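To start, the structure itself, in structure tokens.
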Amino acid sequence: MLSEFENGAPVQQFVSRFRSYSSKFLFFPCLIMSLVFMQWLISIGPYSGYNTPPMYGDFEAQRHWMELTLHTPVSQWYFRDLQWWGLDYPPLTAYVSWFFGIIGHYFFNPEWFADVTSRGFESLELKLFMRSTVIASHLLILVPPLMFYSKWWSRRIPNFVDRNASLIMVLFQPALLLIDHGHFQYNCVMLGLVMYAIANLLKNQYVAATFFFCLALTFKQMALYFAPPIFFYLLGTCVKPKIRFSRFILLSVTVVFTFSLILFPWIYMDYKTLLPQILHRVFPFARGLWEDKVANFWCTLNTVFKIREVFTLHQLQVISLIFTLISILPSCVILFLYPRKRLLALGFASASWGFFLFSFQVHEKSVLLPLLPTSILLCHGNITTKPWIALANNLAVFSLWPLLKKDGLGLQYFTLVLMWNWIGDMVVFSKNVLFRFIQLSFYVGMIVILGIDLFIPPPSRYPDLWVILNVTLSFAGFFTIYLWTLGRLLHISSKLSTDLRNKKEA
């Protein structure tokens, strides 16, 4: 780490202005204001489905769920308007949509969420309201646990400047900001609940961690990416260093209680009819192995081997399940054998990358899940990991380029990506010659493909050629990041094993 911050990265120079005792209290207000300012700059641009009837896009889906939950009995939430952005997220998302719908309807403009007639409604005022709900959710739910995580690891990075420079880079990661505040979604809520779970694991508050993770699952089903690692970590704490059966029972009761609480209206009314419909909507296996062009194994393989023409849907489900289990097994076993806090982020990252690369029904935006635990590794203070974390972030936002380009967010994309890499001096390379070559190759590949996409139209015979190139390079990069997280996890766990063995011998 640099000791003379004035010669360091711009983010270090910024933080160093607050390192005096009299100025430290100003740092976090300035950080929050800077984050909100950036979110609003992104929000000025268009969103998913802007002015594109008849179905519009994710913005209309989120608005419609507010309309639907506002005017429809709870028992019909998962039955109504299935052809017009029917509700396909778990109940906590529905509750949040209802809450925001109540605020918009009664305190601002009822036309925004009028039953049926508001479909496709677009106005500057509605856009301002919807954008505000995402920003508020981001600040209230995601930012606090990230700050706690950074502070908890401050014992590894006692220096005020280095510690908070890392926090800034995590808070300003381009992929999440562009998807939530540009494209328009509420991923920050689910990711924030996951971070609250991780924060409570750091505090040994296992019941609270279980509760928050169950909330994440009931907000977005994609939080399942983290279910195996957190399960095996918690299971490990129940049997090591000694068996704690009472803890296992308490955690099990917490899971049952949380899901029962969230699902209570449907359980109370008619669980035999309503719960199966919720499961059917939340897990739409009939949609296929993936949607659109996504940088995972199956979509990449499909460019040379048409797997959907060879295997049935059921066979693909089984095959993807086997591949996913194989990819997440090592990290889950390590977290079970060594439930240590220093392994949490790496274990979550490795398992969620495995899920993203090999699981069934993956969206391109799902890359935000493995990107979160990968990014928070910056807070651990190991400078040798920075090149890989930076590469993961740049690959993630690069893989989202076709979607963001479609949304008309090209200006926001390039501005934010260039700014993030510049302020954090993120385009750095490992000292290892092989690693340096791999990292440099991916950066060159991204620049070349972006240049081609911007200035050369694809052949009429292959209109998706540039997208396929993007998917192929991104998959190769993500698989490399997966191998890196797994390799690092194995390395640290082997050192832990050696240390434990030496203690026993002593």
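Here the Cβ of each residue, glycine as well, is placed from N, Cα and C on the backbone.
Positions annotated as topological domain 'Cytoplasmic' by Swiss-Prot, on the basis of a curator's inference: 1-24 (among others).
Summarising the annotation, Swiss-Prot assigns transmembrane segment to 25-45 (among others) and lists sequence analysis as the type of evidence. Same-chain residues lying 6+ beyond the ends of the transmembrane segment (25-45) with a Cβ under 8 Å from its Cβ atoms: 15, 18, 127, 131, 134-135, 138-139, 143, 147, 164, 167-168, 171-172, 177-178, 181-182, 408-409, 411-412, 416.
Taken from Swiss-Prot, the feature topological domain 'Lumenal' covers 46-132 (among others).
If one looks beyond the transmembrane segment (133-153) by at least 6 residues along the same chain, the residues whose Cβ comes under 8 Å of a Cβ in the stretch are 28, 32, 35-36, 39-40, 43, 96, 100, 163-164, 166-167, 170-171, 180-181, 184-186, 188-189, 191-193, 195-196, 198-199, 202, 376, 379-381. For 133-153 (among others), the entry in Swiss-Prot reads transmembrane segment, with the evidence type sequence analysis.
As annotated by Swiss-Prot, topological domain 'Cytoplasmic' applies to 154-163 (among others). Residues belonging to the topological domain 'Cytoplasmic' (154-163) score a mean pLDDT of 82 in the model.
Long-range Cβ contacts of the transmembrane segment (164-184) within its own chain (Cβ-Cβ under 8 Å, at least 6 residues beyond either end) map to 9, 11-12, 14-15, 18, 27, 31, 35, 38-39, 42-43, 45, 47-48, 57-59, 62, 130-131, 134-135, 138, 143, 146-147, 150, 157, 191, 365, 367-368, 371-372, 375-376, 378-379, 381, 393, 396-397, 400, 403-404, 407, 409, 412-413, 416-417, 420, 423-424, 426. Here Swiss-Prot flags 164-184 (among others) as transmembrane segment.
Across the topological domain 'Lumenal' (185-210), DSSP classifies residues as 21 helix, 0 strand, 5 coil. As annotated by Swiss-Prot, topological domain 'Lumenal' applies to 185-210 (among others).
Feature annotation from Swiss-Prot assigns transmembrane segment to 211-231 (among others); the stated evidence is sequence analysis. Same-chain neighbours of the transmembrane segment (211-231): 89-93, 96, 187, 189-190, 193-194, 196-197, 200-201, 254-255, 258-259, 262-263, 282-283, 328, 331-332, 335, 347-348, 350-352, 355-356, 359, 363, 366, 369-370, 373, counting only residues six or more beyond its ends whose CB sits under 8 Å from a CB of the stretch.
The topological domain 'Cytoplasmic' annotation in Swiss-Prot covers 232-247 (among others) and is backed by a curator's inference. Beyond the topological domain 'Cytoplasmic' (232-247), the same-chain residues lying 6 or more positions past its ends with a Cβ under 8 Å from any Cβ of the stretch are 201, 206, 209-210, 332-333, 335-339, 344, 347.
Sequence annotations record features per position, and here Swiss-Prot assigns transmembrane segment to 248-268 (among others).
According to Swiss-Prot, the topological domain 'Lumenal' annotation covers 269-317 (among others).
Annotation source Swiss-Prot lists transmembrane segment at 318-338 (among others).
Among residues of the same chain six or more beyond the topological domain 'Cytoplasmic' (339-342), those with a C-beta under 8 A of the stretch's C-beta atoms are 201-202, 233-234, 236-237, 240, 380, 492, 496. What Swiss-Prot records for 339-342 (among others) is topological domain 'Cytoplasmic'.
Per Swiss-Prot, the feature transmembrane segment maps to 343-363 (among others). If one looks beyond the transmembrane segment (343-363) by at least 6 residues along the same chain, the residues whose Cβ comes under 8 Å of a Cβ in the stretch are 198, 201-202, 222, 224-226, 228-230, 233, 283-285, 287-292, 294, 296-299, 316-317, 320-321, 323-324, 326-328, 330-332, 334-335, 369-370, 373-374, 376-377, 380, 475, 478-479, 481-482, 485-486, 488-489, 492-493, 496.
Taken from Swiss-Prot, the feature topological domain 'Lumenal' applies to 364-382 (among others), supported by a curator's inference. Residue counts for the topological domain 'Lumenal' (364-382) under DSSP, helix first, then strand, then coil, are 17 helix, 0 strand, 2 coil.
The feature transmembrane segment is assigned by Swiss-Prot to 383-403 (among others).
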Cβ-based contact of the transmembrane segment (409-429) with the transmembrane segment (465-485), 3 or more pairs under 8 Å: no
Distal contacts, the topological domain 'Lumenal' (185-210) - CB-CB under 8 A, six or more residues away: 58, 62, 93, 96, 133-134, 137-138, 141-146, 148-149, 152, 176, 179, 216, 219-220, 222-223, 226, 230, 233-234, 237, 247, 250-251, 254-255, 258, 341, 344-345, 348, 365, 368-369, 372-373, 376
Non-local residues, at least 6 beyond the ends, that sit with Cβ under 8 Å of the transmembrane segment (465-485): 293-297, 299-300, 303, 327, 331, 346, 349-350, 353-354, 356-357, 367, 370, 374, 388, 391-392, 395, 398-399, 401-402, 438, 442, 445-446, 449, 452-453, 458-459
Within the topological domain 'Cytoplasmic' (154-163), residues counted as helix, strand or coil by DSSP: 6 helix, 0 strand, 4 coil
Outside the topological domain 'Cytoplasmic' (458-464), six or more residues from its ends: residues with CB under 8 Å to it: 293
Secondary structure composition of the topological domain 'Cytoplasmic' (339-342) [DSSP: H/G/I, E/B, coil]: 2 helix, 0 strand, 2 coil
